[in-house]
Amino acid sequence: MASLPLPTAEVCDANPHLIMNGELRALHPIFQIYGRRQVFAGPVVTLKVYEDNVLIREFLEEKGHGRVLVVDGGGSMRCAILGGNPVQQAQNNGWAGIVVNGCIRDVDEINGCDIGVRALNSHPMKANKKGIGEKHVPVTIAGTRICDGEWLYADTDGILVSRTELTVCAYIYMEAFGALSCEFGLGQLQKLV
C-alpha cells in the first residue's frame, strides 16, 4: 500500500488533467513550515481577517474533525495573527492543519505541537482583538482562490487545493491483470491506518 497521503509532487504528476481544468491548484511557494506535522490534509474552512485574531481563536475552539483552517490575513507582516495557545487548542481539538497568509508567533511552542502550520513568517507583535472578519468566504492566497469545503494537501514540497477529495490508490500490482486498484478516498484510508 502507498504511504498516506501521497506526496504532492506525485499527485501533480499523476493528475495533469485536473491541473489543466483547474480542479487541482498549487499555491505559490511562499509559506514557511511550522509544527511537527509536516504532511497534512483535510477539508478546508476559510476565514478572512486583517491583523485580528479573535475569529481564528473562535474557530480553533471548535472540534476540527480533521479539517484545515485557511486564514487570509491579507499578507500582513506587521503582527502575528496566530500564536502558540490557539495552535495547542487546535491540536487538542483535532484540526489537521492551519494555513495563514500572514505571520505567527510563539514558534518554539508551535513547533512542539502535533499539527501542521504554514505561515509567511514569524513576528513578535500580537494582533488586535476586535473580532472583525469574514467566515466561510472564498479567499485568494498565494495566487490561488480557495473555497470553503475544498480539500487541501500539504507536504514539504508545497500545498495543493482540490475541489474534491482526491482518491488515493492502493497500488496493487495484479500479475494476472496488470491493473491498479483504486478503492478508497483519502479520508477512508486514513481511518484504516
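A Cβ is built for glycine as well, from the same backbone N, Cα and C atoms used for every other residue.
No curator has checked TrEMBL annotations; they are predicted automatically.
According to TrEMBL, the protein carries these features:
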type    : residues                           : note
BINDING : Gly83, Gly84, Asn85, Pro86, Arg105 : substrate binding site
BINDING : Asp106                             : Mg(2+) binding site
Taking the recorded substrate site as Gly83, Gly84, Asn85, Pro86, Arg105, identify the other residues of that chain whose CB atom sits within 8 Å of the mean position of the site's CB atoms, giving them in sequence order. Ala80, Leu82, Val87, Gln88, Ile104, Asp106, Glu109, Ile110
Under 8 Å Cβ to Cβ from Asp106 (Mg(2+) binding site), same chain, six or more residues apart: give me those in sequence order, or none if nothing qualifies. Ala80, Gly83, Gly84, Asn85, Val87
Which same-chain residues, if any, lie at least 6 apart from Pro86 (substrate binding site) yet have Cβ under 8 Å of it: Asn53, Ile56, Arg57, Leu60
